[in-house]
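Copied over from Swiss-Prot:
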- 7-27: transmembrane segment (TRANSMEM)
- 81-101: transmembrane segment (TRANSMEM)
- 113-133: transmembrane segment (TRANSMEM)
- 134-154: transmembrane segment (TRANSMEM)
- 165-185: transmembrane segment (TRANSMEM)
- 204-224: transmembrane segment (TRANSMEM)
- 263-283: transmembrane segment (TRANSMEM)
- 288-308: transmembrane segment (TRANSMEM)
- 315-335: transmembrane segment (TRANSMEM)
- 346-366: transmembrane segment (TRANSMEM)
- 382-402: transmembrane segment (TRANSMEM)
- 406-426: transmembrane segment (TRANSMEM)
Amino acid sequence: MKSVRYLIGLFAFIACYYLLPISTRLLWQPDETRYAEISREMLASGDWIVPHLLGLRYFEKPIAGYWINSIGQWLFGANNFGVRAGVIFATLLTAALVTWFTLRLWRDKRLALLAAVIYLSLFIVYAIGTYAVLDPFIAFWLVAGMCSFWLAMQAQTWKGKSAGFLLLGITCGMGVMTKGFLALAVPVLSVLPWVATQKRWKDLFIYGWLAVISCILTVLPWGLAIAQREPDFWHYFFWVEHIQRFAMDDAQHRAPFWYYLPVIIAGSLPWLGLLPGALYAGWQNRKHSATVYLLSWTIMPLLFFSVAKGKLPTYILSCFAPLAMLMAHYALLAAKNNPLALRINGWINIAFGVTGIIATFVVSPWGPMNTPVWQTFESYKVFCAWSIFSLWAFFGWYTLTNVEKTWPFAALCPLGLALLVGFSIPDRVMEGKHPQFFVEMTQESLQPSRYILTDSVGVAAGLAWSLQRDDIIMYRQTGELKYGLNYPDAKGRFVSGDEFANWLNQHRQEGIITLVLSVDRDEDINSLAIPSADVIDRQERLVLIQYRPK
């Protein structure tokens, strides 16, 4: 009966965090709108080989992540949940692997379940795992690779070892098809310390080639197909998206070496109090083969991405699966022997919740700020934000009431965040970051437009997805579409600021022309260097400018 209660509680937890509230959150630009539109175009065109964005070739990532996203929209429709269904599915599958692997290592069902709950409730896992980007997919393939390699090395027969290494190659191949060659570097770096300490080089050299073969065979069909259709894909993807993005001096998203330290700290909430102890206990217990393995998969990718010049918080998502397992193991030991870390964790959550309540008041209409985040008419959003932090503090307090038994309830600290964050986003943020909000406000003007131009790729993708059309024209800025716009068949998909007046004169009689511009909050739109318009509709950071036939 206790196992049944645990399972019911787990399903209720998943429903409240990962299913019920997802549709209440509008898509964020540029990431979610971009991936939503790429998958919509894939479904509309039936082209499952070459990724396109706004009808243009888009070579920033391989194809597998788009396949999964497309299946999500195919199953659930072109809506917020459909767009995020793929990443949610991948996150839940990763949690299932965490459960299975923990059970295999320690033969403890309660520990395995707690590891999954800790993983799913980690702030960084929840934030990225319900956000339509490709990182939850690559995290799943990396964690699957972690499990496969362990299976291979623990197998006692040549058949078992062969199967494990073949499975490892498939996971690496799917990782390559999701986000590129990092899916090869991370597993190699992660297993080497364990192989060295356990002196298992022989098995690696004898069976490792099976992983190489299965990886190549996994990638080969699509790799050849894309090379035949678009011969320059692999050159662009390897040199620009890998070498330049991560290693060159002009790498994208440059950040210092210590960049991931605050990410680890914030991402470990509401289990931050367990982080130092879990890592320290893992190091103390490094003679235990499984502990060394989990530590290696936690630390080595973190060091690798810290050394790389280009950094984003999403890159280290896979580190949190083995970390959650170490945290769960340490928490059960602490509950039995010395619950100090569990008490500290409770106080950290209380402090975080109280700090959030105070910060919400400071930036509210009733606080001391001259320009509050929320306006007076958004008071219900302020109360939603207060509720988020109040629930966080409450469950932090509850874990202290009988800490040896109640510490797992820290998993409910983000419950308010999961249920209410979609209702607490300020209008000033929505107007700039949620193109759906803009489309809802200007639907009647946008729908009949013959041409729509915009100066933001994220906004363009949001307009295209909401309006179900891929012919949005880039105005003045090319952004990440620069490479796709260089193709001869992309002529006419970009209009510079200097050319706009002439372009307008040539196309005005064909129908309504709509220009959607991103502007600063205090920018005077009357000073924009554009021809006089028939309609100007400003929605804070986005402006709709319309020209009708004359």
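Heads up, the Cβ atoms here are built off N, Cα and C, so glycines get one too.
Quantities reported herein were computed from a predicted structural model and do not represent experimental measurements.
Of the candidate ranges 81-101, 165-185, 263-283, 288-308, 315-335, 263-283 has the most C-beta pairs within less than 8 angstroms of the transmembrane segment (382-402). Packing against the transmembrane segment (81-101) from elsewhere in the chain are residues 14, 18-19, 22-23, 27, 32, 35-36, 39, 65, 68-69, 71-73, 75, 112-113, 115-116, 119-120, 125, 128-133, 136-137, 139-140, 143-144, 146-147, 150, 321, 324-325: each is 6 or more residues past its ends and has a CB under 8 Å from a CB in it. Beyond its flanks by at least six residues, the transmembrane segment (346-366) meets 269-270, 272-273, 372-376, 378-379, 382, 385-386, 388-397, 399-400, 403, 407, 410, 413 of its own chain at Cβ-Cβ distances under 8 Å. Here the transmembrane segment (288-308) has Cβ contacts under 8 Å with residues 105-106, 142, 146, 150, 185-186, 189-194, 197-198, 246-247, 251, 257-260, 264, 279, 282, 315-316, 318-319, 321-323, 325-326 of the same chain, all six or more residues outside its ends. Between the transmembrane segment (315-335) and the stretches 7-27, 113-133, 165-185, 263-283, it is 263-283 that has the most C-beta pairs under 8 angstroms. When each of 7-27, 113-133, 165-185 is scored by its Cβ pairs under 8 Å to the transmembrane segment (263-283), the top-ranked stretch turns out to be 113-133. Note on the transmembrane segment (7-27): residues 33, 36, 79-81, 83-84, 88, 91-92, 113, 116-117, 120-121, 126, 129-130, 132, 411, 414-415, 418-423, 425, 430, 434-437, 462, 465 of its chain, located 6 or more positions outside it, place their CB under 8 angstroms from a CB of the stretch.
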